[in-house]
Every structure is written in C-alpha cells, then in structure tokens.
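Copied straight from Swiss-Prot:
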TOPO_DOM  1-238  topological domain 'Extracellular'
DOMAIN    1-46  domain 'Cadherin 1'
BINDING   Asp5, Glu7, Asp41  Ca(2+) 1 binding site
BINDING   Glu7, Asp38, Met39, Asp41, Asp74  Ca(2+) 2 binding site
BINDING   Asn40, Asn42, Asp72, Asn80, Asp132  Ca(2+) 3 binding site
DOMAIN    47-161  domain 'Cadherin 2'
CARBOHYD  Asn52  N-linked glycosylation site
CARBOHYD  Asn104  N-linked glycosylation site
DOMAIN    162-238  domain 'Cadherin 3'
CARBOHYD  Asn181  N-linked glycosylation site
Amino acid sequence: TKPLDRELIARFHLRAHAVDINGNRVENPIDIVINVIDMNDNRPEFLHQVWNGSVPEGSKPGTYVMTVTAIDADDPNALNGMLRYRILSQAPSTPSPNMFTINNETGDIITVAAGLDREKVQQYTLIIQATDMEGNPTYGLSNTATAVITVTDVNDNPPEFTAMTFYGEVPENRVEVIVANLTVTDKDQPHTPAWNAVYRISGGDPTGRFAIHTDPNSNDGLVTVVKPIDFETNRMFV
C-alpha cells in the first residue's frame, strides 16, 4: 500500500493464516518472508568533500599519497553498490597532466610520474569521481570530491652567497660588534631545516678573533669580533 525503501527496511516477515466466513482458522499459520529488491536509487557519497594529502618532492613513481573513500546506501553486494574511482582532472598539469593515478577499487592515490618539485609546483588539485554499477558510464550514478595534494620540501637546494666577497670594518679594540653581514639565498622552504643556513669560518682567523652565527629571521651570517684587534698589528683579515 506504500512504496518500499530497501535502505530503510530490506526484509519483511509476515505471518498469515486462512479463516472461514465465520472467522475460524481452517489452516495452520504460515510464515511469509518478503525481500525488497534493491534499485539503484542512491548516488555514491564521499566521506569528505575535500581530502588533504601530501607527498615529498622528488618522490619516485609508485609512492603512496592518500586514500579517498565514498559510500553507497545501495546493496554493497550488488552492482548498485559497487563503486569505482577515477581522476577527472589535475591542476596544474605540469610537468605532466598525469602525475597521479588512483586505484579504481580502493581509492588509493599514488604517484605515477617523476618530476615533483616543490620549488615549481607546491600543490596539486585533483577532482575524483566515484561511480556505482562498477563504474558503468551509462547506468552508474556518480559523485565527485576534491583531493588537495601538497608537495612537501626536501633539502635539494644548497645555499648560495649573493656575492663572492663581503667587506666590513671595525674600530680597534672593540668586541661584540657586527663587522660583516653575509647574505645567502636558498630555494628550499623558508624557516625549515632545509633552509636554515649554518656558517663556519674555515680559514683566515687562526687566533679566533671572529665568530659567525645565523640570523634566524633573515638566514644571514653575522660576523662579530670576539677578541680585541690591534690596528698596528693587524689591519686586514681575509
């Protein structure tokens, strides 16, 4: 008398018996079991509309990135509830329009091409589609979600001095003053261990009159005087 919804009630158990015109039972009761046949009336639904993952730059093809998951209220043991995944688009499309692939049954996303470089592309956006009926493009119902993949930094760029020679000066007998500011550039992500420069004086100061430390904000090398310098004895240090 009313429409049936398998997702609400998948099976009905009825008990029936026959009676005569006077209402007396003429047969023993019998059990009737009615199974509601599933119809493909539910689209796949992703657990999240936006999925976030990460992968180190320079990762080899076949590196696992993340897993996306969708569910379907239809019968999971029938075609109506059997899902398949695929990537609809990738942005940006460099260095290849197919940097990633997805396992169509599990939703696992892995790298499929080399060339991930954080200094060139820091983030990829994939549109993922889930389709029931085992991915049938004609009869299956579909839904989409977004996968955002961040390319994380690795230490693949050395610091480079901005000049071959730096100059400084200091009055004699002064200590704890900055005499030179050495500047470097590093293409790795700022304020990470891959970016932080460590300086040392490798020659030209046998008596240890100078020290150098890193400015944590600018990454510059700050040369300071730690022992008094006599102008009449030493007029220049290289």
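Each Cβ is built from the backbone N, Cα and C atoms, and glycine gets one as well.
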If one measures from the C-alpha of Asp72 (Ca(2+) 3 binding site) to the C-alpha of Asn52 (N-linked glycosylation site), what distance in angstrom results, rounded to a whole number?
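So the Cα of Asn52 (N-linked glycosylation site) lies 22 Å away from that of Asp72 (Ca(2+) 3 binding site).
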Could you state the whole-number distance in Å separating the C-alpha atoms of Asn52 (N-linked glycosylation site) and Asp74 (Ca(2+) 2 binding site)?
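One finds 27 Å between the Cα atoms of these residues.
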Determine the minimum-neighbour residue: among Asp41, Asp72, Asp132, listed as binding-site residues, which Cβ has the fewest other Cβ atoms within 10 angstroms?
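Result for the binding-site residues Asp41, Asp72, Asp132: minimum number of other Cβ atoms within 10 Å at Asp41.
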About how far apart, in whole Å, are the alpha carbons (Cα) of Asn42 (Ca(2+) 3 binding site) and Asp74 (Ca(2+) 2 binding site)?
6
Asn104 (N-linked glycosylation site) to Asp41 (Ca(2+) 1 binding site): how many Å between their Cα atoms?
22
Please work out the number of neighbouring Cβ atoms within 10 Å of the Cβ of Asn52 (N-linked glycosylation site), leaving out its own Cβ.
11
Recorded positions Asn80, Asp132, Asn181: which have a Cα within 10 Å of Met39 (Ca(2+) 2 binding site)?
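Correct set: Asn80.
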